[in-house]
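What follows is a single structure, written as structure tokens, with notes after it.
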Amino acid sequence: MKLLIAGGGTGGHLFPGIAVAEEFLARNHSNEVLFVGTERGIEARLLPRLGYRLECITASGIKGQSPLAKIRSAAQLLYGYAQSRRILKEFRPDLVLGVGGYASAPVVLAARGMQIRRFIHEQNAIPGLTNKLLARFAEKVFISIEESRKFFPEDATILTGNPLRKEILWNVPLGQKTPASDEKLKLLVFGGSAGAHRINTAMIESLPFLAGVKERLIITHQTGEKDQAEVRKTYEQSGFAAEVTPFIDDMAAAYSNADMIVCRAGATTIAEVTACGKACIFIPYPYAADDHQRRNAEALLKKEAGYMILERELSGESLAFQVMELIAHPGKIEQTGRNARSLAQLDAAQVIVDEMTREQACTEK
């Protein structure tokens, strides 16, 4: 059986697709997977390194652009549609899964025209424009968060969770324990592959407020390239035990080692930290489409499965206050992690592959 996975652009779209690909290939050694994305997306750098086949098409967004740019994007969409039809004819997939991102639309639309079974996966609480449009053409819509159900056809929508890569699943800890009162606490701070300048700034501004507990903290801080030197210098001058790195290659190990986490609230990040059962302070990226990161974090706050500081309220003092609150009440670290873990859906990739192959089996009867 052949599966084509369309979309990407960011890790939030791509990583769930990789997780589904891993599960699909594990089912049968004769199964094949082809990814379709764009040359500008993270997929162009990552997928060849992971050994996956990738075809690139021309595609770009329309929302929020000038009238002239919209005309150009519409022309690219038509060209991308033609490219998608060629790829579909050559690869002849049994199933097409759109995971969001610019490349998803022309491929799923082309698959509809060629009567190939097509599905979409939505990672966020507030769906992107692409998936809202494609939902009407999909056999099934897989959602990660219950809050997004209202945007899609009820009879075609299935809550699966956000698929996780095997490297994350294999390192999921058995549980979060309450740290002892004299135990050192490991704080992980990260802001995505390029880092997050605002989080970096707030963290170093928090150090004077955290001075009284610095002997209890061991910090791992992923900054991105730009801020690394300045952040490392500030930790050293302030006397904090900190590992400062531009990138974290092994996120599974980083999650496993952490007691507390400060991070953004992208869908993949939330899926990973809930699977690992970690107490997180979420700082949603305020410019994400439709403010979906805030809504992602709020879904956890409702279940007492995390904490949130909006970026407009973020300061060194506010961040330090939240960290100090967890240090002062270590039982909250365990309970918040347990609540987060209860929301994790570790079998998301399995459920998605099950549903797609079931639809295909119905077609063949």
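Numbers run from 1 along the shown chain.
Placed from the backbone N, Cα and C atoms, the Cβ positions cover glycine too.
These features come from Swiss-Prot:
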- Thr10, Gly11, Gly12, Asn124, Arg165, Ser193, Ile248, Gln293: UDP-N-acetyl-alpha-D-glucosamine binding site (BINDING)
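Overlay of Swiss-Prot feature records on the structure.
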residue	record	CB count, 10 Å
Thr10	UDP-N-acetyl-alpha-D-glucosamine binding site	18
Gly11	UDP-N-acetyl-alpha-D-glucosamine binding site	19
Gly12	UDP-N-acetyl-alpha-D-glucosamine binding site	27
Asn124	UDP-N-acetyl-alpha-D-glucosamine binding site	29
Arg165	UDP-N-acetyl-alpha-D-glucosamine binding site	21
Ile248	UDP-N-acetyl-alpha-D-glucosamine binding site	17
Gln293	UDP-N-acetyl-alpha-D-glucosamine binding site	28
Could you check what DSSP calls Thr10 (UDP-N-acetyl-alpha-D-glucosamine binding site) once collapsed to helix, strand or coil?
coil
